[in-house]
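Pulled from TrEMBL:
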ACT_SITE  78  active site, proton donor/acceptor
ACT_SITE  188  active site, proton donor/acceptor
BINDING   15, 16, 47, 48, 79, 80, 189, 190  substrate binding site
Ligand code: DGL
């Protein structure tokens, strides 16, 4: 086990909060025995309404912590942090940085009505990155950009299907449907946990696209070893938060789908490690 664990790749994953767990789950679906450290900056979430300089600085500090902890690859499991910080991370850190952006390109390729809806945070919607994606891939298609202030907070609270959540989602999604949207992009990793509610509102004919599987495949291209993937090793994961570990334990376990321990980022002596099946 010891020799084996030395050969297991270690990835670092971070997000403003719990949304990036959707990406980490996708990575582990592709590569169940990868070791990871996940940092949720829940003490500073949401990023989407913060100034770009703040997000950039947080992303840099957190990514540095992951590198110091031995991560061989960093996954920025946050569209908002990618939009404002990816260039700095790539130029300052010594490991590959895998980042995410709203799946506008595949959505444009799939739409039949010529109307694509994008749900994302304010900061992502107004970013140069999204403007570039619309310019490059959105020609001839109506790309409706819908900022969703406050939606991340519902997920951070674990409020995935309450009446309030549904009511807010209806307010965001129905106007997009009324304009003929047949393809909906979830441009924030938190929203993946709301997908079934969004599907109920948007209806069965609408394509819902998000980037976690694509990011997982890209991560594998950096760490991938099919030999390791077939070995009987369960993988180890450390979950850390800058918020309250007690609240985090509840919401992480809910979203992960199993009971997990969550440590405080600042208290690096008590980083709890989970053995995962
Ligand atoms: N999960 C982050 C994203 O993908 C949410 C950002 C926020 O905290 O507003 O954009």
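Using the three backbone atoms N, Cα and C, a Cβ is placed for every residue, glycine included.
Unlike curated entries, TrEMBL annotations are predicted automatically.
Listed in chain order, the residues near the substrate site other than 15, 16, 47, 48, 79, 80, 189, 190 are 17, 19, 20, 45, 46, 78, 81, 121, 124, 152, 188, each with its Cβ within 8 Å of the site Cβ centroid. Same-chain residues at least 6 positions away in sequence with a Cβ under 8 Å from that of residue 47 (substrate binding site) are, in sequence order, 16, 41, 55, 58, 78, 80, 81, 121, 123.
Cβ-based crowding with a 10 Å cutoff singles out 78 as the top-ranked of the active-site residues 78, 188. Looking at the residues that bind substrate per the record, 15, 16, 47, 48, 79, 80, 189, 190, the two CA atoms farthest apart are separated by 12 Å.
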